[in-house]
Amino acid sequence: MDVFQKVEKIGEGTYGVVYKARNKVTGQLVALKKIRLDLEAEGVPSTAVREISLLKELKHPNIIKLLDVVHREKKLYMVFEFLTQDLKRHMDSSPTSELPLPVVKSYLAQLLEGVSFCHSHRVIHRDLKPQNLLLDGLGAIKLADFGLARAFGVPLRTYTHEVVTLWYRAPEILLGSKFYSTAVDIWSIGCIFAEMVTGKALFPGDSEIDQLFRIFRTLGTPSEATWPGVSQMPDYQSSFPKWSRKGLEEIVPSLGPEGKDLLLRLLQYDPSQRISAKTALAHPYFSPGHSLAPQQCTAGRSSR
């Protein structure tokens, strides 16, 4: 790692510290992510190194470029392209927190493009949130940390003991499902969509049960009628309070009918009925035309 000069610490992610760094030879600015795991005593598992190395093949305008992976001395370093701001900081710094609706539409389309691309390569994110959506200052939004959950799992707490946010976590994960699909990312995108529109987190829970109950209070407590199989999930309780569904008018009043319809499809309880990223991009909300990042994208592989 001698080729990189650390400029400053720019964040502490789920798995380790992130530095802004400069390549001493080329002058290129990069984000240097130093992975620190509980299992560092015995080093980074070779499976994780393999998983992460595969991510170098994911090339798309709406996915942060992984430039290199360096594994040495029981540590793993990931070298990413450098972007200056994330969506959370951007929303926090604007006077009202919510974004203009044309910007919301552009960002949502780009997120769906990036997620659709990853899903077509059988990569699930599992931990999408505004903090790992990065902005380039030119209108593009890019997904960071794709694939890390599969390599390392999603811990309950970060290595600095901060709680990993539950706000964007799909109900099937909260209900203890060990088998989940690309639909978990679609749920997260629905939560992020609503937050971009209103400037407020849709379901800001502070524990798993609080998170579930916030979802239930808004979307109604799920039943076998609305989500076949829900009563068989490991953490489902028949004693859950029975809340009825709120209207979307209360939740996202400024969103037009097409936007509300798309949000409902992103936040379907039953994962098998949740809209896919590819289908969402064809939704009437995005017509006529929407602003997207450039379409030239390549992949070094077609399956995992």
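Placement of Cβ uses the backbone N, Cα and C atoms for every residue, glycine included.
Here the Cβ of Asp127 (active site, proton acceptor) has 21 other Cβ atoms within 10 Å, regardless of which shown protein chain they belong to. Annotation comment: Swiss-Prot describes Asp127 as active site, proton acceptor.
Under the heading ATP binding site, Swiss-Prot lists Ile10, Gly11, Glu12, Gly13, Thr14, Tyr15, Gly16, Val17, Val18, Lys33, citing sequence analysis as support. Ile10 (ATP binding site): 16 other CB atoms within 10 A of its CB, across all protein chains. Ile10 (ATP binding site) falls within a strand segment according to DSSP.
Annotated domain 'Protein kinase' per Swiss-Prot: 4-286, in sequence order, evidence recorded as sequence analysis.
The CA atom of Asp127 (active site, proton acceptor) is located 10 Å away from the CA atom of Thr14 (ATP binding site).
Among the residues the record lists as binding ATP, namely Ile10, Gly11, Glu12, Gly13, Thr14, Tyr15, Gly16, Val17, Val18, Lys33, the two farthest apart have Cα atoms separated by 14 Å. In this structure, Gly16 (ATP binding site) is part of a beta strand by DSSP. For the domain 'Protein kinase' (4-286), the model's pLDDT averages out at 90.
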